[in-house]
Every structure is written in C-alpha cells, then in structure tokens.
Amino acid sequence: MLKIADTTFTSRLFTGTGKFSSPELMLEALRASGSQLITMAMKRVDLQSGNDAILAPLRQLGVRLLPNTSGAKTAEEAIFAARLAREALNTHWVKLEVHPDVRYLLPDPIETLKAAEVLVKEGFVVLPYCGADPVLCKRLEEVGCAAVMPLGSPIGSNLGLRTRDFLQIIIEQSKVPVVVDAGIGAPSHALEALELGADAVLVNTAIAVAHSPVQMAHAFRLAVESGERARLAGLGASPFNPSQPDTLQLRATATSPLTGFLSQLEEQDHV
C-alpha cells in the first residue's frame, strides 16, 4: 500500500493520458494498467464542455485525477493553472510542472520550488516533477510537497533510468514518496525503479505509442508488481543492488560449493 497525503493506493503504477490515438483506446489501456492515479494536462481539457473527450471517460474510471500544469514556463503560470484546475475539477491535488525549455522539457528547479511554496500554503497536495537533484528534492520535501517526482531521463525519451545514481540518493534520504517520472520506456525500466526503492513510477509515452497500448499497460502493471515484490523479498548483494553496500563483493560465489564433494573423492582415491 502506498499513501500520499490523505489517499492510499494499492497500485504503484501512475499513468498519463497524452498521445493515445483515441479516447476509447486510452480508457481501455488505463483500465488494463490498474492505475489509480491518472495525470492530465489542463491545457488539453475543454473546461467549457460538460462532455470533454478526455475528461468524461476518465471520470468513468473512478480513479483520482491528477491535473498537471504542463505548458507553464514560470511559477506564476503554474500557480494560475493549479488554481484553475482546483476550481474546474474540484480537486486540491496537482502535479506541478514548470519547463520553459520546449526542446527537452527539462523542469526549471527555481520556478518549481517557488511555485511549490505558494501552492502548499494554499492547501494543495503538490507532486512536483523535477530533475534528479537530491538537494532540490529535499528542499521540495521541506516546503511541504506530498511526494517528489524526479525524472529518469527526458520526457518521452524512453531512455530509462539514466539518472540512477542520483535517484538512489533521493530515495535513500527522502521522507516522502518518490515517484520516478519521465523517460520510462519499457516495463524493465519500471521494474528497475521499484527494485531500487522508488515508491511508484509514472508512465505515459511507452504505453500510449506501443503497437498494443492495452497489452503494454498490462505489462507495466506486472513489472511494477514484480519490482515491488522483489524489493520486499530482499535482493541479494550485487553491483546492481547498491542498497547493500556492506555486503557487496565483486567476485563469484558458488551456489553449490564443491569443497566437500572433492574431499570425498580424494578419500576414495586413497582407499
């Protein structure tokens, strides 16, 4: 179970709504994912329509909607978008995104922190998308963010956990949930994040652009469940599991030592 603010989730796979070829396919894939937290860009929602093509089907799912401030280039724009979402959708949850760089969509750390401080004071449950910067994530936690969402790699890149070392530091020191967001392009990436100790992952592009989004959504669901189970079971020491540095050994260890067996053979030879 994962608790963020006042809500408990049984699924650690959060999903997005962009890039699907149709609202119907989006809805089917989201159902297959088992996701209970779904993010949506306010800039893509027709707030004047009571039957918006994106919003209406999402409300059928009975999940928590997480409006995001994608498109905001400054703290002020993000704050305005968050307030608009609260009024339009009757939610105080917001995924805070401030990325003025239109090419790489990298989050602006200064503007993100500024906006987070204001929104937290206004009673929002703030989940900020941010760079994999341990210092920034700690500052966001200190101003009251309910979780932090550091990137694995640039949005939509499908490159996986290119920031792994920094993610590990963030996970180790964080007192709020860590949700790896952006760049997760395969179920194996999601599994890796959960094994590393992340509390959840957010996936959009890898599901939406797959040949079969529904099957891919289900694959991510299984990967996240497997990653969490593996972490809870206790991963053995290896260079890929730095959570056990004291037991790390860069040499082979036989699972079935031959010492006793060879000794018996030597004794038989002498008989």
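In case you wondered, yes, glycine gets a Cβ from its N, Cα and C as well.
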| request: Kindly point out which candidate in Gly156, Gly197, Gly227 is recorded by Swiss-Prot as part of the 1-deoxy-D-xylulose 5-phosphate site with Ala182, Gly183, Asn204, Thr205. | output: Gly156
| task | Enumerate the residues of the same chain, Gly156, Ala182, Gly183, Asn204, Thr205 excluded, that satisfy the criterion Cβ within 8 A of the mean position of the Cβ atoms of the recorded 1-deoxy-D-xylulose 5-phosphate site; list them in sequence order. | result | Gly16, Pro154, Ile155, Ser157, Asn158, Ile184, Gly185, Val203, Ala206
| task | Using a 10 angstroms cut-off on Cβ to Cβ distances, just flag whichever of Gly156, Gly183 is the loneliest among these binding-site residues. | result | Gly156
| Taking the Cβ of Ala182 (1-deoxy-D-xylulose 5-phosphate binding site) as the centre, how many other Cβ atoms fall within a 10 Å radius? | 30
| query | Between Asn204 (1-deoxy-D-xylulose 5-phosphate binding site) and Lys95 (active site, schiff-base intermediate with DXP), what C-alpha distance do you get in Å? | reply | 14
| task | Kindly assign Ala182 (1-deoxy-D-xylulose 5-phosphate binding site) to one of the three DSSP-derived states: helix, strand or coil. | result | coil
